[in-house]
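Annotated in TrEMBL:
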ACT_SITE  His72  active site, proton acceptor
BINDING   Asp73, Gly78, Asp80, Ser82, Glu94  Ca(2+) 1 binding site
BINDING   Pro170  substrate binding site
BINDING   His200  heme b binding site
BINDING   Thr201, Asp246, Thr249, Asp254  Ca(2+) 2 binding site
DISULFID  Cys41-Cys122  disulfide bond
DISULFID  Cys74-Cys79  disulfide bond
DISULFID  Cys128-Cys322  disulfide bond
DISULFID  Cys207-Cys232  disulfide bond
SIGNAL    1-30  signal peptide
SITE      Arg68  site 'Transition state stabilizer'
Amino acid sequence: MAPPSPPQTPPSSVVIVLFLLFSTALLCESRLSLDYYSKTCPSFTKIMQDTITNKQITSPTTAAGALRLFFHDCLPNGCDGSILISSTAFNKAERDADINLSLPGDPFDLIVRAKTALELACPNTVSCSDILAVATRDLVTMLGGPYYNVYLGRKDSRVSSASSLEGKLPKPTMSMSQLINLFSSSGFTVQEMVALSGAHTIGFSHCKEFSSNISNDTHYNPRFAQALKQACSGYPNNPTLSVFNDIMTPNKFDNLYYQNLPKGLGLLESDHGLYGDPRTKPFVELYARDQNKFFQDFAKAMQKLSVYGIKTGRRGEIRHRCDAVN
């Protein structure tokens, strides 16, 4: 009886074809595009625009809050919507880390509203991370800021841990070297860091983030320092007290933030550092005199940030609710 034939090895051409098919499938699954939802959720753009407009009209601080929320989601571990997940009895999520406790509620509410409307129209289709990315861009534009493309197709993270944020988000008390190193570790240049800092042209900061420096920091304009002391005088009894980051045009996205810094009108220690450090000062001066250049560089940096560390394909999921994993 003849011995059984050894298993046949597929021809190399078949192996190559199978490899190419598999690689193409992975590529298609993970590719981002501007029209990602054009067929699976045709009403995506209209639902987002309606929800964003209604929320911003009723709560004008939503735009600044969303910009900060987006930044706190993306810079530490990538734009994956992990900041939106609520804590449980078994896990302290990112949104409850000390550095995130001051994040305002309006942008969270906006994401919930948008997700609810999208789930009704296109169930289990649109990711929470895509919702946050588009909402941030549209809100910046509504306040007069630059438009930039947001590529879609992100998947949401399945995990969120407060401990994962340690040392990955900037603090107002950090030195300029610490801030530069933090951004550099995520692949951002000094100029991109200064451009992204222009987000402080809108929004506000709580008194606890700067009040201890007012008397000791000589970079403050004296009259501005006195006004800040008065504004924050009740801070020990009312920790919610806050001051606009840009006292000149707090609800307009422009370049006045940079123009304020040489005048001693920066609010945070890190703001003063941008103008005081020779590595960052030239970019502050550039953006102070040229708003178009600021808008151009801010848009590029935001587009780069919006795809930083994203999850695609099987590395993430489409959450049914933005505040909880499936």
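Note: Cβ is positioned from N, Cα and C throughout, glycine not excepted.
The residues near the Ca(2+) 2 site, meaning same-chain residues not in Thr201, Asp246, Thr249, Asp254 whose C-beta sits within 8 angstroms of the mean position of the site's C-beta atoms, are Ile202, Met248, Pro250, Lys252, Phe253, Asn255, Leu256, Tyr257, in sequence order. In this structure the C-alpha atoms belonging to Ser82 (Ca(2+) 1 binding site) and Cys122 (disulfide bond) are separated by 22 Å.
Within 10 Å (C-alpha to C-alpha) of Cys128 (disulfide bond) lie the following binding-site residues from Gly78, Asp80, Glu94, His200: Asp80.
Just so you know, the Cβ of Pro170 (substrate binding site) picks up 19 other Cβ atoms within 10 Å once every protein chain is counted. Relative to the residue listed as 'heme b binding site', the recorded positions with Cα atoms inside 10 Å are Asp246, the candidates having been His72, Gly78, Cys207, Asp246. Cβ neighbour counts within 10 Å, taken over all protein chains shown, single out Cys128 as the most crowded of the disulfide-bonded residues Cys74, Cys79, Cys128, Cys232. When the C-alpha distances from the residue listed as 'substrate binding site' to the recorded positions Cys74, Gly78, Asp80, Cys232, Cys322 are tabulated, the minimum falls on Cys74. Taking all protein chains in view, 16 other C-beta atoms sit within 10 angstroms of the C-beta of Cys122 (disulfide bond).
Take the mean position of the Cβ atoms of Asp73, Gly78, Asp80, Ser82, Glu94, the recorded Ca(2+) 1 site; other residues of that chain with a Cβ within 8 Å of it are Cys74, Pro76, Asn77, Cys79, Gly81, Ile83, Ser129, Ser157, Ser160, Gly309.
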